[in-house]
Every structure is written in structure tokens, then in C-alpha cells.
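A.B. asks: Reproduced below are the annotations present in TrEMBL:
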- 4-70: domain 'GDP-fucose pyrophosphorylase' (DOMAIN)
- 344-416: domain 'GHMP kinase N-terminal' (DOMAIN)
């Protein structure tokens, strides 16, 4: 349905999906998938009704086919032209012949493009509004309400009113959806609507609740939270305290397909699946951590490969939330999640932690999560905890929530498990991860070695190593 310049009437355009408008009638051109000869015969019209001359160029592009008339009449004529209705008394054919008709060629010179865009935007906004209302009414809040709000904003005058109406429908604690709808999703819906309505200050407050809920739900889903230290964190001391050292080195990962399906809150509500591969860089394991207990000092000394360091004497000061510019929040979060801060030995021993990542910052190779995995694995080794890849991968998921950065499981899975693997996650409590190693043929390995080239473009992705 196309608006015309300087006209209140409209033209409705219809044709077949595979019609080529520039193929002439004599070269088997079609309209609605049927040859022109068949169309003329079925409609009982002449080629002179469509074209002013009988030359070689008569085609859909220049056929005076589309009438300029009211919408009800246009629909009636359109159904007849497309062969969907009959015209036994010839009234529709007469209406069509007597009307002012234009071709696609003329139409393209007469379209009111501004009005066309305005109408399209309003139509999209109306559709989005109705979909959003249905989602709120029937509990289908898995839809991307933020995207629907973006569409609703195209209709500026009514958007705020609609958003306020939808806010009144927001699910609350204890309603019929409380058993199946995560708290983070409730907050997310409310935040999206507040943002769309222009109440940015309240939306910012609700956003904090979104991330707090996601962190809590993630910890619950993997049965390994930061609120309660793991049972391994209270290992008894044998009385003879000796320094211990753990060195963990890991590869980086290449993501083939499925990234983001591993990330909360998506992975807490829907299945995820990622195919990725662990790789060395120039034959080396580029990410690592060295952690050791020491009798030289108490507290925790943290160093990174950029030459930065911090000495924390008061372990009780290591608490979340952390500031975004805290260069050591990754290590601090790992200390919280693993329960090391509550370990008996730290009352008599100090801890030295050194980390490195010989990869450009923000390279997109999963470095932050893999470094977190190295730190977590090293800490578990010191306290003789469960350092299995599955446990470490789940713990890193919580570490990233405590950091306040979010993040999923695919990066640490990619670095912890060797080779190529396809990993699936299944929502629930606990969140289930199923890692399937894929045995690569010698031919595939050779192809990858010959063809795979890792180049740092200089475009930095999300990076938490600062």
C-alpha cells in the first residue's frame, strides 16, 4: 500500500515473488507467476488495456495495472487481478478499466517516500505495542522486550502512555508466574519499559537489581555461590605450615559458532550450545597464574604482567561490588568465590598471586575468563579443593557475576578443555554442562594449521583486564 505525492488516495502493489518486472510479455514474462497471455485470457482484458503500444518492451514494469482508488475498492480489484476471485458480472473489470491506473515505472516517480516511511514506522510501532501487551498479559516475557520498546519509540506521541500501561502489568513477586519467571527477567522487563518511557533514573536503579539477580541466580544454578564458601575452603591445618606453590598455564580459545548462548541470563532460561577450540599462540600457553603461600608477610600481594601490584593487609576489605577501574577485581572475585579468604592458613601465612596474559588486551580470544580459570584452578590447588575442569568452569561463571561484568561459560570451557569441543548447557538448578570432545582427523588438523591465522586487528572487544 503506497502513498502518492499530493494525493490522499493510495495504490496497492501486488505481484508474484518470482516475477521479473523487466522481462517482456513476448519473452515469457509473468504476473503473479502466470504468463501474461494466460493472465489476459483469464481476466478477459486486452493487452491494449495495459500498454499503449504493442512493442517488444511490454512488461510488468510499464503495464498500467495498478488502480488509484479507495482501499476497499483496491482490495476488491487486487483480488480479481491476482486471480483469487471471479468477476461473473464484469463489474470489477469495468471498475478497473474506468479507474486511473499507473504502472510500476510511473509509481516509482510518484511515491511519497516520506509518508511511506512514516506510515511504516507507525505500523511497526503498533505491531510492537500489541505484541508487548500480549507478552505482558500471557506471561511470554522471554521475548526481547527491549527490541519491542525500540520499535514502539517510532510512535513518539503514544509511546510513554503505552509504556506506563505496560508497567502496570509488570509481574510482581508472588504472582502466577513467580514459580517459572526468574526475578532478573521481571526486573529486566521493568527496566526496558522505564527506559522507553524516559524515566532513566529509575531505570538505572532497577538495572542494578537486574545484575544482582542474575549473579544470585547464576550462583544458585551452579550450586556454587559466593555467599557460602565451599566445603573445601575449611581444610584443617596439620600444624606444620609450609609454603605451597601452584602454577597454571592455559591456552586461549577460538569460537566457531554459538557464542552468547552460554551467557546468563539466556543460559539460565534456555539451552545453549557452543563449538570452540583451544589454541596455543606461537606454540606457547599464553595465559597463566602463579599462586604461592609465603611466611614473609600476611595478607595478599597481587601482581600482573603490566607491572602493577597491590598489597592487601585487611582481607575483610575484599568485598564486592568492585569499581570498574579496579585492575585486580578479577583476582579479588576469585578469592571470594573459592572461599580462600576464609581459609585457616591465611591467618598465619600470606599469599602471593601473579597473573599474566601474553595476548593483546581485548583480543576476543576469551582471555579474561581463561585467566579467571587459571586463578581459580590455582587457588583450589593450594587449598586442596576440587580443581576439576567442570568445577572450575562453574566457579568462573560466578566469578564474572561477582566482578559485575557478566559472562558465560564458553571462554573458560574453551581454555580448560583441550582441542575442539561442542558444549551444551541445559537450564535448571543446577545448570548442567555437557562437554563433548570432538576428535579431529589428521586431515582437518593439517587444514587448520595451514589455514588458521590469528591476527590482532587493533579493534578491541570487551576487556576486563584493563
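Numbers run from 1 along the shown chain.
A Cβ is built for glycine as well, from the same backbone N, Cα and C atoms used for every other residue.
Automatic, uncurated: that is what TrEMBL annotation is.
What's the neighbourhood like for these features in this structure?
C.D. replies: The average per-residue pLDDT of the prediction over the domain 'GDP-fucose pyrophosphorylase' (4-70) is 90, rounded to a whole number.
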A.B. asks: For the domain 'GHMP kinase N-terminal' (344-416), what does DSSP give as the number of helix, strand and coil residues?
C.D. replies: 42 helix, 8 strand, 23 coil
A.B. asks: Could you give me the DSSP helix, strand and coil counts for the domain 'GDP-fucose pyrophosphorylase' (4-70)?
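C.D. replies: Split by secondary structure, the domain 'GDP-fucose pyrophosphorylase' (4-70) comes out as 17 helix, 12 strand, 38 coil.
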